[in-house]
């Protein structure tokens, strides 16, 4: 207990003394774990929402659909309803393929409002829903003659509310209600099958009374398919049911509830890699930034270890004290990240309004994975200086001074040929190759994020309107773009913090040498430029490598026919990253270069 | 006094450290003129303002009040950039703590000011080799500072201070970290490498070092309390004169 109290006191004192470093570790771990927890939770949340919608709407276990016509189809469907595995059924009912148009109610001006059009499938339902597939009305009323009910995800995309009018196949219908169902996939995949059993386009879902649906189909000779919803004795046995009831004479499609749950994830297909890969990159940047700060504190940590050894602390206690601060902050960041993920999950895991229910929080497995990630970030950032501090002999540790760079004659000779800012910059870079690697990695990660963002934005857009028109935006693409933008902004923000940190730690560590250079005639401008160049030099290969690395990473997850942005854009972005790095380093470099020379030299002597 | 003949000249020099009640006057209304070619020693107890005076003369700190002239040019009003240029051309520094760049070899340390002054690498290397030879460290030109003794490091620092052939060398306790033999070495080098017209201002605690100077000023509480012109310099038999030999 005494040891624990001692460790806690030492850790608290250390956190108070290094508030910026503590805040940075907390922020970096929070962002990384939140992103990872979101990425890993998508499937569970999506499945959970489907389950809740299914329970609330008496969702069928199997939906049977046929694009064929005639008595053979009706007979086949009736025989399926009479099958011994079936405990209840709904239908057969008509599915009519039509176009729906509405005024764009999202437009602020009545004068400039435009017509929005979308493919729609109309389900002909009884005015009193049966035991299976009872859509849940979330606003307004259920179908009545002359009125239509729109599926909630579809209504949200159209911007239509109860009381608005829509036109289906040229005929106006008032929207009497908004509802959700688990019998179809989420918007825009409500069609399930296309006319005649062929492939289906993106479509919304509307319900009408049976007679209205029949009238709609017959008056305009619209394509129709038949569907029936089945409730099985064993809901899990959908696959066995399908195999047992193949009908050779007619084409019948069996859509199980498991298939629909899986289909719900299609809209999140690219979201998961964006978040998970994004969390890896964020973790990498977190390690980079925190390691830069830990390296800058290495001498202090070594002295601290020496002091603890001198007063009798064992290796275990010393290791605990040195690592506890980072581990405690990492765990705090992990908890914060998981809380943020919990709050953000509903919006991210359910981009359409087609499902109802509460999004469950991250699972135990996700919590464990995120926690491992947080601990790995903390340990990787600090293990090396901690081990060095523990291994240094007590007397040496107590007198540990500033880092002693290696002599690199070839580099010194090469830099002697260069103008003063480059000479200083190259020599500063060579002082800490590990820091140069961190800067290169940080820059490469930034460029990877920008390449991903540019690639996302050059992909051809296909909306959910008729023939892929953008009158109705592609929800999946929009969702992915927003996610990618958010992840890229977080990556760039962390990279910005890293660049400033690396410049400042370089400046602080080299302040004695820079002061000496000042006494020898280097101007503050040359020192400042040298410090900036010290960040730019490793940033250059990082930026150049970031482009192919980004494209390589995207090729793993992108669709087979993805469009690569023009290389002029990609390398323009790499150049812009370097220019931004130069701008970001200017302020800390300038501040460091302005430090009075006498003060810096006195500090060194002391 | 002819201003153009003075390597360094200060008038009414004041330097305060801190603010408000914590303000300390490190240099108080000091007037000084160091003619070209003169070796001036500044003595005084710790904290009397010697090092601050030296920093003011080299433009490393700005005075609170007064004027500083180096090589006939007033420097206390100059920008940092102009001060840097002035230091390249006219001033060389030697510090008690040597302040060598640890990751550069002795030769690379010496050639650094020449490179900063815009000399070619070849010129800088040639000049550094010459100076290292003259301070007796030609064989150790490739050694890092950590591989040299204190006296050798200070000899490197002296060579570095002289590489651009400055008008004035400002030395802050140059022998403060050295043993007797190394002190003698450094003093000999000062004498031997001093070019005609080159001035030295040496801050020291060591009376034996001060005795080698042409002139000795004593400081107390930021002010000069004594200014003694010694009877010529002693380039030969220096050690014997000041009791460092035998």
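Residue positions begin at 1 at the first shown residue.
For all residues, glycine too, the Cβ spot is worked out from N, Cα and C.
Curation plays no part in TrEMBL annotations; they are all automatic predictions.
Long-range contacts of the transmembrane segment (A:23-42) within the same chain: residues 265, 268, 271-276, 278-280, 282-283, 285-286, 289-290, 293, 326, 329-330, 332-334, 336-338, 340-342, 344-345, 348-349, 361-363, 365-367, 369-371, 373-374, 377-378, 381, 487, 490, 494, 497, 501, each at least 6 residues beyond the stretch ends and with a Cβ under 8 Å from a Cβ of the stretch. TrEMBL lists A:23-42 (among others) with the feature transmembrane segment.
Predicted-model confidence for the domain 'MacB-like periplasmic core' (A:26-243) is 85, expressed as mean pLDDT. The annotation domain 'MacB-like periplasmic core' is assigned in TrEMBL to A:26-243.
Taken from TrEMBL, the feature transmembrane segment covers A:274-296 (among others).
The domain 'ABC3 transporter permease C-terminal' feature in TrEMBL is assigned to A:278-392 (among others).
Annotation comment: TrEMBL describes A:316-341 (among others) as transmembrane segment.
Within the same chain, residues 25, 28-29, 32-33, 36-37, 40-41, 44, 279, 283, 286-287, 290-291, 294, 322-323, 326-327, 329-331, 333-334, 337-338, 341-342, 345 sit at least 6 positions outside the transmembrane segment (A:362-383) and bring their C-beta atoms closer than 8 Å to a C-beta of that stretch. The annotation transmembrane segment is assigned in TrEMBL to A:362-383 (among others).
The transmembrane segment feature in TrEMBL is assigned to A:436-458 (among others). Listed as Cβ neighbours of the transmembrane segment (A:436-458) (distance under 8 Å, sequence separation of 6 or more from its ends, same chain) are residues 281, 284-285, 288-289, 291-292, 429-430, 480-481, 484-485, 487-488, 491-492, 495, 498-499, 502, 534-535, 537-539, 541-543, 545-547, 549-551, 553-554, 558, 562-565, 569-570, 573-574, 577-578, 581.
Residues 24, 27-28, 31, 35, 271, 274-275, 278, 281-282, 285-286, 288-289, 292-293, 348, 435, 438-439, 442-443, 445-446, 448-450, 452-453, 456, 531-532, 534-535, 581, 584-585, 587-589, 592 of the same chain lie 6+ residues outside the transmembrane segment (A:483-504) yet bring a C-beta within less than 8 angstroms of a C-beta in it. According to TrEMBL, the feature transmembrane segment maps to A:483-504 (among others).
The domain 'ABC3 transporter permease C-terminal' annotation in TrEMBL covers A:486-595 (among others).
Remote same-chain residues near the transmembrane segment (A:536-557) are listed as 270, 273, 277, 425-426, 429, 436-437, 439-452, 455, 564, 567, 570-571, 573-575, 577-578, 581-582, 585 (criterion: CB distance under 8 Å, separation of at least six residues from the stretch ends). Here TrEMBL flags A:536-557 (among others) as transmembrane segment.
If you look up TrEMBL, you'll see A:569-587 (among others) marked as transmembrane segment.
Taking DSSP states H, G and I as helix and E and B as strand, the domain 'ABC3 transporter permease C-terminal' (A:278-392) has 95 helix, 0 strand, 20 coil.
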